[in-house]
Amino acid sequence: MGGAILTGLLTEILIPNGVSDYLIEEEEGLNDHNVVVKCAEIQSAISEGATSFLFTEYQYVGIFMVAFAVLIFLFLGSVEGFSTKAQPCTYSKDKYCKPALANAGFSTISFLLGATTSLVSGFLGMKIATFANARTTLEARKGVGKAFITAFRSGAVMGFLLAANGLLVLYIAINLFKLYYGDDWEGLFESITGYGLGGSSMALFGRVGGGIYTKAADVGADLVGKVERNIPEDDPRNPAVIADNVGDTVGDIAGMGSDLFGSYAESSCAALVVASISSFGVNHEFTVMCYPLLVSSMGIIAALKKQLIVSTALMTVGIAIISWIALPSTFTIFSFGDQKQVKNWELFFCVAIGLWAGLVIGFVTEYYASNAYSPVQDVADSCRTGAATNVIFGLALGYKSVIIPIFAIAVSIFVSFSLAAMYGIAVAALGMLSTIATGLAIDAYGPISDNAGGIAEMAGMSHRIRERTDAAGNTTAAIGKGFAIGSAALVSLALFGAFVSRAAISTVMFVLTPKVFIGLIVGAMLPYWFSAMTMKSVGSAALKMVEEV
C-alpha cells in the first residue's frame, strides 16, 4: 500500500530539452539484500584502495617530515651558535628572552604537530567519505533528498572535524608552550609559526600527490573503458573504476582537506605573530591575543547552521560580538617601525570583508564551473563542432573566471591594510577561512555523491538511482577550490608581512603597501582577462564559420 501511495505522489520533472524524467518516485529495491551486500563490498574495495594509497604516501611524507624537522632545528638553532644563554628581546632591550636553541626546539615540535594534524585530518576525512559513499547510494533508493542529506552531512562531519582539530591542537600547543616561555611572548608565538609550516608542507603532498593519482586514474579508466572497449563510465567490467573512485576520495577529500587546513593554520599563525608585538602582546593580554582563534571558533558555531550564505551572515554577527567583548576599544599594532592605533570596530571590518570576499569568490567559482550556468553551457555547445573550438572556449572560460576573485582579494587587502596594517590582512584571511566547516561540507559532498553513483552502477542498481545521486551531487568542488586559492593569496601576504614585522625589515616596505601589491596582482591578472576576451572572440567566430560551411 505504501508503494502505491508513493507511486501516486510521483513527481515529474521537465528538463530543458523537453524530455520527461523522473527523479522522485516510488522507493526501489529496499528489500533487495543482495544490493546492500554488493554495495558494502564495493565500498570496502574503495576504502582499502584509499587507505593503501594514503599509507604509501605517508611513508614518503614521514621521511620528509623528519628530515625537514631536523633542518628547521639546525637552521634556527645556529642563529646564535646553538647558545643556551638568554638573549635580549627584540622590542624590549631591557628584558631577556629565551635562547635561540629553545626557539629552535619548540618550532620543530610545532612543525611536527602541524604536519601530524594535517595528515590525521586528511586520513579521517578519507575514512568518513568512504563510509558515506555506499550509504548515499542506498539512501538514493528513497529519493534525491535522502541522498543529498546523507552526502552533505558526511561532508559536514569532515569539515567540523578538520576545523575543530586544527583549532584544538593549536590552542593546546600555545598553552603548553606558555608554561616554558612565561612572559616571553615573542619567542612563544614565533615558535608557534612552525604549526602553520607543518600544515602547509603536508598540504603540498596531499594536494599534488592525491591530485596526480586522481587525474591519472580518471583518465586511465575513461581511456580503457569508453575509448578502447566502448563501455559506459563506472561499468563493473572495468577494474580501473575502483581506482577512479579511490582517486576522487584521496584527491578531492583528503587532499582538499589538507590544503584548506594548511591555509587555516598559516593564517592563524601569521595573525598571532603580528599580534605578539602589538600593544596587547607587549602587555600580555591573553584573551585579546587569542582573537584569531576566537574568530575560528565562532566560525564553527556559525557553520552549525545550514549552507554558506546563512553561515556567512551569522558569522558576521558573531564577529561583531567577539570583537566588542574580546578586544579593547583602542589598541596599537606594529606597522613597519610605527605604532598604528586601531579601534575594535576597524578590526571587525577587516574580518568581515575577508568573510564576504570568500563568499563572493566561492559563488563566482561555482558560476564558472557549474553546468547550471551559461559559461559551462557555452563550452558544452562548442563541442558540437569538434575539439578545437572546445579547447578555445574552455581556456577562455578558465582565464575569465579569475577576474572577479582578483578584484575581491584586492579590495580586501586595501581595506584591511588601511584599517589595521598587516594584522588586518591576517585576520581578513582568517575571516575568509572562518566558514571552513561549511565550505568543506559543500566541497566534500560532491565527490561522495559522485562515488555513490559509481557504486550504484557497479552494483547493478536501476539507472534512476544513478540519476538521483548525480542530481544530489551537482558540481560543488569548485567552491572549495575557490576558497583555498583565494585565502592562499591573503595568507601568503600576511605571512610575508608577519616576517617583515617580526624581523623589523624596512627595505621591502614599499612592496607591501596596499596600492603597490594590489597593482601587482591586478596587473598579473590583466593578460588573462585580455586573453579570455580574444580567445572567446576567436572561438565564437570559428564556431559561426564551421556552422556556415
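The backbone N, Cα and C atoms fix where each Cβ goes, glycine too.
Annotated in TrEMBL:
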type: TRANSMEM; residues: 58-79; note: transmembrane segment
type: TRANSMEM; residues: 100-124; note: transmembrane segment
type: TRANSMEM; residues: 156-177; note: transmembrane segment
type: TRANSMEM; residues: 286-304; note: transmembrane segment
type: TRANSMEM; residues: 310-335; note: transmembrane segment
type: TRANSMEM; residues: 347-369; note: transmembrane segment
type: TRANSMEM; residues: 389-415; note: transmembrane segment
type: TRANSMEM; residues: 422-442; note: transmembrane segment
type: TRANSMEM; residues: 483-501; note: transmembrane segment
type: TRANSMEM; residues: 508-530; note: transmembrane segment
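Long-range contacts of the transmembrane segment (483-501) within the same chain, counting only residues at least 6 positions beyond its ends with a Cβ under 8 Å from a Cβ of the stretch, are 193, 196, 256, 259-260, 263, 266-267, 269-271, 273-274, 277, 334-336, 354, 357-358, 361-362, 405, 408-409, 412-413, 421-422, 425-426, 428-429, 432-433, 436, 439, 508-509, 512, 517, 521.
Packing against the transmembrane segment (156-177) from elsewhere in the chain are residues 106, 109-110, 113-114, 117, 120-121, 124-125, 128-129, 188-189, 191-192, 195, 199, 253, 257, 260-261, 264-265, 268, 272, 290, 293, 296-297, 299-300, 303, 436-441, 444: each is 6 or more residues past its ends and has a CB under 8 Å from a CB in it. Of the recorded ranges 100-124, 347-369, 389-415, the transmembrane segment (422-442) has the largest number of C-beta contacts under 8 angstroms with 347-369.
Long-range Cβ contacts of the transmembrane segment (389-415) within its own chain (Cβ-Cβ under 8 Å, at least 6 residues beyond either end) map to 349-350, 353-354, 357, 360-361, 364-365, 368-369, 375-376, 378-379, 382-383, 424-425, 428, 432, 482, 485-486, 489-490, 493, 514-515, 517-518, 521-522, 525, 528-529, 531-533, 535-536, 538-539, 542-543, 546.
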